[in-house]
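Under the heading transmembrane segment, TrEMBL lists C:26-48, C:77-95, C:107-126, C:138-158, C:170-193, C:214-232, C:257-284, C:296-317, C:329-346.
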Amino acid sequence: MILKNNYSKMIALLVGVILLLLSMGISIVYGYANTSIQTTYESFRQFNNSNEHLIIQNVRIPRALIASCVGASLAITGVLMQTLTKNPLASPGILGINAGAGFAVVFAMIFFHISSLQSFAWIAFLGAAIAALSVYGISFSGRDAVTPVKITLAGAAISALFASFTQGLLATNEAELDQVLFWLAGSVQGRKLEILLSVLPYLVIGWIAALIISPKMNILALGDDVARGLGLRLGLMKILVGLIVIFLAGGAVAIAGPIGFIGIVVPHFARKFVGTDHRWLIPMAALLGGILLLLADVAARYIIMPQEVPVGVMTAMIGTPFFIYLARKGGKK
Amino acid sequence: MTESLLTKSLTLSYGDFNIIEDLNLSIPLNEITVLIGANGCGKSTLLRSIARLLKPKKGSVLLDGEDIFKLSTKQVAKNLSILPQSPVAPEGLTVLQLVKQGRYPYQSWRQQWTEKDEEIVLSALKATGTEHLQDRPVDELSGGQRQRAWIAMTLAQDTDIILLDEPTTYLDLTHQIDVLDLLFELNQQQKRTIIMVLHDINLACRYADHIITVRDRGVYRQGKPEEIMTTDLVNHVFDLDCQMTTDPIFGTPLCIPYGKGRKI
Amino acid sequence: MKHVKTIRLLQQKISFLIDVQAIKKLTVICILTLAVFFLSASFGDSFINPFKVLQAFFGYGSDFDQLIIIDFRMPRIFMALFAGMALAVAGAVLQGIIKNPLASPDIIGISAGGGAAVVGFLAIFSDSNHSLTVSIEWLPLAGFIGATIVGCIVYLFAWKDGVTPNRLVLIGISVSAFMQAITTMLMIIGPIYQASEANKWITGSVKSSDWDQVQIVVPLIIVLLLITFFITRQLNVQELGDDTASSLGQPVQKTRLYLILLCSSLVASAIAFAGAIGFVGLMAPHIARRIVGSSFGVLIPASAAIGALLVMVADIIGRTAFSPLEVPAGVFTAAIGAPYFIYLLFRNPKK
């Protein structure tokens, strides 16, 4: 199934882009109030303040944009983390991003009674950054070099630590549980375009940086010793990857809360299509991540209409069957 | 004592791709047999299947006339051991703990260290020169030491037939000779059957009683090195132009490949 | 053979090789665990001095002490002890099979299966007034069944001409994510009390343990632990990799099935009453490995003792630190385990 030559990979990427645009269209058009492409077009040409146009401009379009950006960012960080730790189980969650963000939000909510999504964004970003930096801090201290296993274990420990604090706070403050549960499951609902715009610079920097370092990721994937032998500055590279992950995954969690499944699974999907060359893998993962999150978000509107399911729940439900199929289909290893 | 080891119309494949097709092969016992062939020709695959690590697509491997997959795996393990290519030991496992595992097929939960176990493990450590390393974690050893520790584990299994998949990879010349000498002695003194994959044609010619060349999904030619190893054969099996001469010390065939390089 | 000692009895019908250093370290850990066990009975709303605890334990204490210690505190301490042991041993077994440092009952979906079943139970057996139509006592059974079934599902999905560790892990994480998704969805759809009841179970707590529960779960866990202890040599071989294990004559797939079954049942029995206490299954085996080394003969008991230690200490902190408020033990397992684990990670990683 893995595409061999660059020509077919190019076509796969192109198909990905078309599917992404299509998914964005579906996301804008379908929902509790169905609209149409034509109305969408009109809302740009001649905005008439009708309900439909308002929904499209203020709700649907921001939501579709947010879902694609968040999905793409999470998928890219998944690829980076799996290569960095040489562990197929790694995801941005392993750097403590989700646990840190979750803890910060719950903490702020309980002790400072903050509850607006806008302020959640910055608090989550801060929490994610602190958690990731402490994982890095721990990995870089100590006498021996930063090994993949060390980052992994330090990350797992820090994540567990923050997650347990969060659970502790929630178990002792039941009233807040209901409010924050939806945030903790991850969702792109009700986010304003401003939230995306304020985080977008970080995401864009992250995307570009990820693409720029993708040839070097190929070298990093060969193992620390070989990479060093080939002249890669390992320490610097690892810090750079860490920063990109903080920008992208921190940004994503700030907008949408911790969405778990995409970071682990989409990289595996993408690898099945374009193989392990990061120059193809990173864009492919980004496209697939965006598509998966968009479609999951559409599905999330329909499952228990008029209520919505958090999109983090839907990504897992849609992604799991596919993933099991792929994991079984793959050759022996 | 094992009496025969054969393959009967053996077909091996990964997925739909056949690597070995319809092969009938008899492994001479009490001798050293070396499988050689170009990279990816299927010699390791063949070795793995003889050791029942790979299920054949068709045909069978027969140990004393019985299909190796129908025998109890523990029974097979008492007759035949294999050292896989570059195995990895769990973090922190010491050499002694590793070598001890070789006794697995003979043990039960209450009998894990009989005098016989101890005797054989100690002699395996001694034979491989790893006695002084026994309390060191395997993952901290050098490549050569690590390989010898794994060979010691294979020896502790105490089988008539020992299969090794490129046992000299990662070793410097001294340690390559050490390992091959060790296997040679085991064969000479205890008449153990050794079957291995080697990359170095000249070492293969020196140590092997019997060489099997693998090419085109089957055996190209087999026999005593001095009888079969010719310029033609090397040319055909390895796609390599060379001149065959005789080793000035051992008298075994010596292959000198053509190519570029300094001439004096 | 400086650090090892040979034991042979009954004309070699019983024979073992023992790593003296590891046994010494193991003894220290076990004594520590035992000490914490008794000390644990001292702490609570009121402090009872350890001497009186011992008295009460052997039936010579005052009626009041007897009541507090034997009836109130002992059941939860027993539960903490055994749940900790079971989870830690399950984690050690999984890490032996999968050879991935992140492997644990949490990541392979067994705990998540229990969680989904518990939430499902709360949702299915509630009437329109949001009160349960069956006794809450059935909830642990739901957790047990959920964990076991999901363990089997993961195994079956991973089976394709054998189960490879890699596939087991990949299937495990996706099934785990799926189960968590179901859990979250049910928690969000359902009324708040269901969510908080479920959250308590997911966090893990030994607070409401009583002797009846202990009587059900402890014998089961003891049997499972004994089985695990007797098959440690299978684990030793399995950890060398599939090729080497086959070569040594281990029926790799059959053994793997047994080990996974064992692991699922250990986790299921631990979390049925105590809830999905996290972190223990992941970290206790790592901590044990760094203290006693990689041989499962000592690694299994050491993991068990450290797991028990983690949960018991977490429970002590949970019920004393914020008294009169009780914090579930599951909150503190990571809080105390993680810093120690991080310390271990840096203190001479290589000797």
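Keep in mind that glycine also has a Cβ here, set from the backbone N, Cα and C atoms.
With a cut-off of 8 Å on Cβ pairs spaced 6 or more residues apart, the transmembrane segment (C:170-193) and the transmembrane segment (C:107-126) reach 3 or more such pairs and are scored as touching. Packing against the transmembrane segment (C:138-158) from elsewhere in the chain are residues 108-118, 120-122, 125, 164, 167-168, 170-172, 175, 179, 201, 213, 257, 260-261, 263-265, 267-269, 271-273, 275-276: each is 6 or more residues past its ends and has a CB under 8 Å from a CB in it. Counting Cβ pairs under 8 Å that are 6 or more residues apart, the transmembrane segment (C:26-48) and the transmembrane segment (C:329-346) reach fewer than 3 and are not in contact. Recorded stretches compared: C:77-95, C:214-232, C:257-284, C:296-317, C:329-346; the one with the most Cβ pairs under 8 Å to the transmembrane segment (C:107-126) is C:257-284. Ranked by Cβ pairs under 8 Å to the transmembrane segment (C:257-284), the stretches C:77-95, C:296-317, C:329-346 are led by C:77-95.
Residues 19, 22-23, 25-26, 29-30, 32-33, 36-37, 39-40, 43, 76-77, 80-89, 91-93, 96, 206, 225, 228-229, 232-233, 235-236, 239, 274, 277, 279-281, 283-285, 287-289, 327, 329-333, 335-337 of the same chain lie 6+ residues outside the transmembrane segment (C:296-317) yet bring a C-beta within less than 8 angstroms of a C-beta in it.
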